Amino acid sequence: QVSRLVELPYSSCSDDDADGVSLPGDTAEQDPGLWCHVPPKPSTFSRCVRYLAFLWNLLFLLLGLLLLAVGVWGLLAKASLPGGERGAPLGSDPMLLFMLGGLGASAVSLAGCLGALRASPCLLRFFLGALLAFAGLEVLGGLLVLLAQRRLRDGLRDLLLLCLLRYQEDPDLQFLVDEVQRSLQCCGLRSYHDWESNPYFNCSAPGVQACGVPASCCQDPLESGSVPNAQCGFGVLALGPAVAGAVVHVGGCEAALGAWLRGQAGAIAAGAAALVLVEAVGALMALRVLGDVAAFRAWG
């Protein structure tokens, strides 16, 4: 009887064991089918990984919700949602990228949080699949940058030209153009004359902005004052290059932006590597939790 009890690595599932009393004779006569496996207890390291995975995804869930809130706030502030009376169309609004990016990050992070908290294989597999999809898109984007540099350069030129044409129509584009021209000390696409393509700055346009450029093109928009002069670029297009060069930056932003991007290549590569590292850490923790769940269910 004693040897039989030693050979059975089981714990009794009967109701009699709830009393904590078991007679040797009764135990030996029980049917082995009434015994059940003892499930393995997760190690301290496994529990730490599980809670760390939950906190890791919770952080990115909050960041995704913040990004989503910024996008929705931007759309509502410009009344560009359906039914709005002003602003750019919803499909071409830059704030839509914030909203979609925040929504995607929030959904994936929420799946990771619940998957780690509830030990759900379905949610963990969805989380891993989403990370793999993001990694594939990042690799594809890097290959496009390396293999289609000329097309990307032409696309960037067309985008900058579109920003010049829609300068007064979209507050986001106006802010972006002003920041680029002010920080890079440039004006227009290839030169300050590119602003003639804008219907408001064209010399044949009615209004005070005709033959002018934005104030962000001016070399000294403050003009020794404390408040920027929004009219410092008015009438510049009617001046010659030498005279205009004393008032505004005559060089275009295409060359300046290209030089700035080449100078920031190291920072861009470091940011991409950090993003890949973050995704790899999240995937490894999810794989560990998924492995623990599979090992536990194998005893069932």
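Each residue, glycine too, has its Cβ placed from N, Cα and C.
Annotated disulfide bond per TrEMBL: Cys187-Cys203, in sequence order.
According to TrEMBL, the transmembrane segment annotation covers 54-76 (among others).
Within its own chain, the transmembrane segment (96-117) is flanked in space by residues 50-51, 53-54, 56-58, 60-61, 63-72, 74-75, 90, 123-124, 126-127, 130-131, 134, 282, 285-286, 289, which lie at least six positions past its ends and keep a Cβ under 8 Å from the stretch. Annotation comment: TrEMBL describes 96-117 (among others) as transmembrane segment.
TrEMBL lists 123-147 (among others) with the feature transmembrane segment.
The list of residues near the transmembrane segment (267-290) in space but at least 6 beyond its ends in sequence, with Cβ under 8 angstroms from a Cβ of it, reads 46, 49-50, 52-53, 56-57, 60, 112, 115-116, 119, 121, 124-125, 127-128, 131-132, 134-135, 138, 142, 261. Annotation source TrEMBL lists transmembrane segment at 267-290 (among others).
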Set of same-chain residues at least 6 away whose C-beta sits under 8 angstroms from Cys203 (disulfide bond)
Glu196, Ala210, Cys211, Leu237, Ala238
Counting across all protein chains shown, how many other Cβ atoms sit within 10 Å of the Cβ of Cys187 (disulfide bond)?
27
